[in-house]
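Structure, as C-alpha cells:
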Amino acid sequence: MANKDYYELLGLQKGASDDEIKRAFRKLAVKYHPDRNQGNAEAEEKFKEINEAYQVLSDPEKKAKYDQFGSAAFDGSGGFGGGGFGGFDGFDMGGFGDIFESFFGGGGSNSRRRNGPVRGNDIEYTITLTFEEAVFGVEKEISVTRNENCEHCHGSGAEPGTNAKTCPTCSGSGQVRVQRQTPLGSFVSTSTCDTCRGTGKIIEKPCSECRGKGSVRKTRKIKVNIPAGVDTGNVMPLRGQGEHGLRGGSPGDLYVRINVTPSKVFTRKGNDVYIDAHISMPKAALGTEITVATVDGNVKYTVPPGTQSGTMFRLKGKGIQRVNSNGKGDQYVKVIVDIPKTLNKEQKEALYDFMRASGEEFDEANVPKKKLFGKNK
C-alpha cells in the first residue's frame, strides 16, 4: 500500500492528539483482532495496517518524520538519495505485540518471540557546521557512545565456559499464554515470562565484564563525509552505526542531524543566497561597476544608470550547490542607495545646481551663498 495515510487508517485528522490516536487504535484493534476474525484474511490485513499506523503515530520521533516526509520516510524513498543521504529506515513490524500488550496485557496471537534477534536502537547526533563547511562539504570526526556486544562473552551475557539454561517456566519461548477477561471480552494473549524476563534463558553465572547484560557502553570515533549543500534540518543516516542488536539482531542506524551557523555576509534560502550592495546616489544615477562577494569569491557587476534603491539583480548559478548534484542555486544582489545624513557646503551647492538643471522648484533662500574673492557674498 504505497503512500499510506496513517491518520486516515485510524479514522483521524492530521494533528490528532496522543489520546485520540490511542482511542482510535484501541477501537479498531478490538474490531479487527485475529482472535475475533479467525480465517478472515481481510480483517487480518486491516489489523496489520492499523498496527503499522499506530506504531508510527504513537512514537513522537517516528510521528515527526511521518508528518514531514509521509510514509516515504519509512520505505527508503524520501530524503536526499545518494552520497550517504537517504530516507529513513522502515520500522520494526515485529512491534505489533508490544503495542497490543499496552492495552490488553499481552501481545495477541501473532506476537513475536521475545527471545529472538532484536535490532539495535537508532542513535541521533546533532553536528554544527560553519556556513562555509555546509556550502562546500566537509569530513568530520564525531564521538558516539553506544551499546556494543560484550567482547568477553560475545553478547551471550554468560561467563565464558558456562552455558545459559532454558527457562523452565516458558520452555525457552520467553512468553506465557494468558487468558484475560476485559470489558471488551475475553482475550487469549501472551505476556512476558517473569522468570527469564522474556529472554527464554536463565544465566546462572553472569559475565564478569557486562554483568549478564550482553552489552557494554563504548565511545567510538566515526568519520562522517558531509556533502556540499547541506542545510539546517537535513538528516544524514549512517547505516549500521547505531547500537548493536541483541541475540544476533542487526545494529541500528546513526542519524546525523545538521545544524548550520548563519553567515555574517550571506542570507541563505534553500540553495539561493542573498546579499546587499550599498552604493551612493551619484553612482546609482550614473551607473557604476561594483565588487560583489559570492560563495566562490568576488565578482564584478555593472549596475546600470538610474538604478533605484531596492532593485534586485540575479547572478545565475552563483548560489549553493544542490546536495549530490552539479546544479547550483542563484545569488541575488539587492542594491541599497545610501542617502547621506549630512552634507558639506560644496555637496549642497552641487545638489541645488542639479535641481536647477532638472527644473525643480525650491527656496533659493536655503542655497548657500557662493564665495567671492574668498568671502561669502
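Glycine too: its Cβ is placed from the backbone N, Cα and C atoms.
Swiss-Prot annotations:
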BINDING   Cys150, Cys153, Cys207, Cys210  Zn(2+) 1 binding site
BINDING   Cys167, Cys170, Cys193, Cys196  Zn(2+) 2 binding site
DOMAIN    5-70  domain 'J'
REPEAT    150-157  repeat 'CXXCXGXG motif'
REPEAT    167-174  repeat 'CXXCXGXG motif'
REPEAT    193-200  repeat 'CXXCXGXG motif'
REPEAT    207-214  repeat 'CXXCXGXG motif'
ZN_FING   137-219  zinc finger
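Locations of recorded Swiss-Prot features on the structure.
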{"residue": "Cys150", "record": "Zn(2+) 1 binding site", "DSSP class": "coil"}
{"residue": "Cys167", "record": "Zn(2+) 2 binding site", "DSSP class": "coil"}
{"residue": "Cys193", "record": "Zn(2+) 2 binding site", "DSSP class": "coil"}
{"residue": "Cys207", "record": "Zn(2+) 1 binding site", "DSSP class": "coil"}
Long-range Cβ neighbours of the repeat 'CXXCXGXG motif' (207-214) (under 8 Å; 6 or more residues past either end): 149-153, 155-160, 246-247
Tertiary neighbours of Cys207 (Zn(2+) 1 binding site) (same chain, Cβ under 8 Å, six or more apart): Cys150, His152, Cys153, Ser156, Gly157, Ala158, Glu159, Pro160, Lys213, Gly214
Euclidean distance between Cα atoms of Cys210 (Zn(2+) 1 binding site) and Cys196 (Zn(2+) 2 binding site), Å: 18
Non-site residues, in chain order, whose CB comes within 8 A of the mean position of the CB atoms of Cys150, Cys153, Cys207, Cys210 at Zn(2+) 1: Glu151, His152, His154, Gly155, Ser156, Gly157, Ala158, Glu159, Pro206, Ser208, Glu209, Arg211, Gly212, Lys213, Gly214, Ser215, Val216
Counts by DSSP class (helix H/G/I, strand E/B, coil) across the zinc finger (137-219): 0 helix, 39 strand, 44 coil
For the repeat 'CXXCXGXG motif' (150-157), distant same-chain residues with Cβ under 8 A (at least six beyond the ends): 164, 203, 206-210, 212-216, 244, 246-248
Helix, strand and coil residues within the domain 'J' (5-70) as assigned by DSSP: 50 helix, 0 strand, 16 coil
Residues satisfying Cβ distance under 8 Å from Cys170 (Zn(2+) 2 binding site), sequence separation of at least 6: Val176, Cys193, Thr195, Cys196, Gly200
Integer average pLDDT (0 to 100) for the repeat 'CXXCXGXG motif' (193-200): 82
